[in-house]
Amino acid sequence: MSRQIRFNAFDMNCVAHQSPGLWRHPEDQSHRYKELGYWTDLAKLLERGTFDGIFIADVLGIYDAYNGNGDAAIRHAAQVPVSDPILLASAIAGATEHLGIGITAGTGFEHPFPFARRLTTLDHLTNGRIGWNVVTGYLPSAAQNMGQLDQLQHDERYDHADEYLEVLYKLWEGSWEDDAVIRDRQSGVFTDPSKVHPIGHHGKYFDVPGIHVGEPSPQRSPVIYQAGASPRGLKFATENAEAIFVAAPTKAILKKLVRTIREGLVANGRDPYSAKVYTLLTIVTDETEAKAQAKLEEYHRYASIEGSLVFMSGWMGVDLGAYDPSDPVGDVQSNAIISAVSNFQQADPSGKEWTVEDIGKWGRIGGMGPVLVGSAERVADELQEWVEETDVDGFNLAYAITPGTFEDIVEFIVPELRRRGVYPSEYAPGTLRNKLFGRGDRLPADHPAQRHRYIRADDEAHAGAPA
Ligand SMILES: Cc1cc2nc3c(=O)[nH]c(=O)nc-3n(C[C@H](O)[C@H](O)[C@H](O)COP(=O)(O)O)c2cc1C
């Protein structure tokens, strides 16, 4: 049987997310990101297309590497202005029944204690449809605005994130026993205090002695999303993540990456398919090949190369404005997204090194992922090839214009894939975790959070000890 393909929508609470300049396109609606109806209509559309989820990215700083200041980012609306993704989740949940809602929050954004409660609240309000994209950040401007001189060094950001997650797992998984809430009207006991446990966490970065203040939600821990692709990022992802988001310019690079991820999951004692891997991609399609090509050309007329270089400079941690467009990317060192740099260094199968101009053109639609263009038949063929050749589970679909790109996918691509029997026609029941894996609502037994699951009264003295 042919492999099944999964879709996820990649978005952000801002204008023209990863397609700089395309906010100028007459059909693009992304300037309406401030309206609730814009999000709820999009969510309903995605649910009609049986997308696994909407994944809402976030950054808490501006892309100011390019030319050494934020002017170009601000001019092009390159992810600034940007609103909070978390506040969209309840509204999207109210408008849909099945769609997963993946929100991004950085481990440097806020203390884990209030964050734990916020996600528990959302997991209740969405009936267990929350995913959390754990990001460690790559913009020095974000760290500076949070009172630090600069962000931590790349690998230390992940050490900090390890402890952030440890605190959260203890709160979400360990603090409340399943039968703690008894709501007994006769005795007047709502919650049995002997079944609610302080987590006693004392670590390098955080001290959290007390109990989780939220009642256990359907999934307890949200579905953990992650997108790190450096060696340290992959270690973190394969220890924790259930959905791993990658960006690879070619099938060859993706294949290697997916293999590394599956091996990493196994090395961490997990099933190699216990995380779904989604690769970033943008689809430009229409009724015919010719119309799809014409659409792409039209999008290119609105796209901004400078806006693309603003993003690429931020992701690579390098001022690409300081280079000549014909300069090769070379051996750039980065304290930002290390994988972004290495991918571009190996992108061309013929061995030709990419120049700054190549990178600018590559990123003008859909960020770091490739653009597939063509009729439904051609795009479906290509999607099947990507999945069969690389062992990836599905696609994280960015947009050129919104909701136009997603409308085209639901109108043309989804029916074609369903006709081929490789795409779902309906959702599995239950929580997001159960829809993805069909193995219940809670984290599986082979997940590291398991070791924080049972904090019993007599263990409390040891609750803060490393597990
Ligand atoms: C598809 C995708 C989505 C991402 N979304 C975000 C995001 O919303 N916010 C963020 O700060 N980083 C985001 N990142 C960056 C990663 O979380 C991670 O910080 C980055 O890949 C650097 O890790 P690495 O050096 O281990 O590759 C994203 C990366 C990818 C590939």
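Cβ from N, Cα, C; glycine included.
Some features that TrEMBL has for this protein:
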{"type": "DOMAIN", "residues": "29-389", "note": "domain 'Luciferase-like'"}
{"type": "BINDING", "residues": "ASP58, THR104, HIS154, TYR158, SER230", "note": "FMN binding site"}
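The structure, with features from TrEMBL marked on it.
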{"residue": "ASP58", "record": "FMN binding site", "DSSP class": "coil"}
{"residue": "THR104", "record": "FMN binding site", "DSSP class": "strand"}
{"residue": "HIS154", "record": "FMN binding site", "DSSP class": "helix"}
{"residue": "SER230", "record": "FMN binding site", "DSSP class": "coil"}
Among THR104, TYR158, SER230, which binding-site residues lie by ligand 1, judged by Cβ under 6 Å to any atom?
-> THR104, SER230
Fewest Cβ neighbours within 10 Å, where candidates are the binding-site residues THR104, SER230 = SER230
Which ones in the same chain are close to TYR158 (FMN binding site), with CB under 8 Å and 6+ residues apart in sequence?
-> THR136, GLY228, ARG232, GLY233, LYS235, PHE236
What is the Cβ neighbour count of HIS154 (FMN binding site) at a 10 Å cut-off, with all protein chains included?
-> 19
Within the chain of ASP58 (FMN binding site), which residues six or more apart in sequence place their C-beta under 8 angstroms from its C-beta?
-> MET12, ASN13, VAL82, ASP84, PRO85, ILE103, THR104, ALA105, GLY106, VAL135
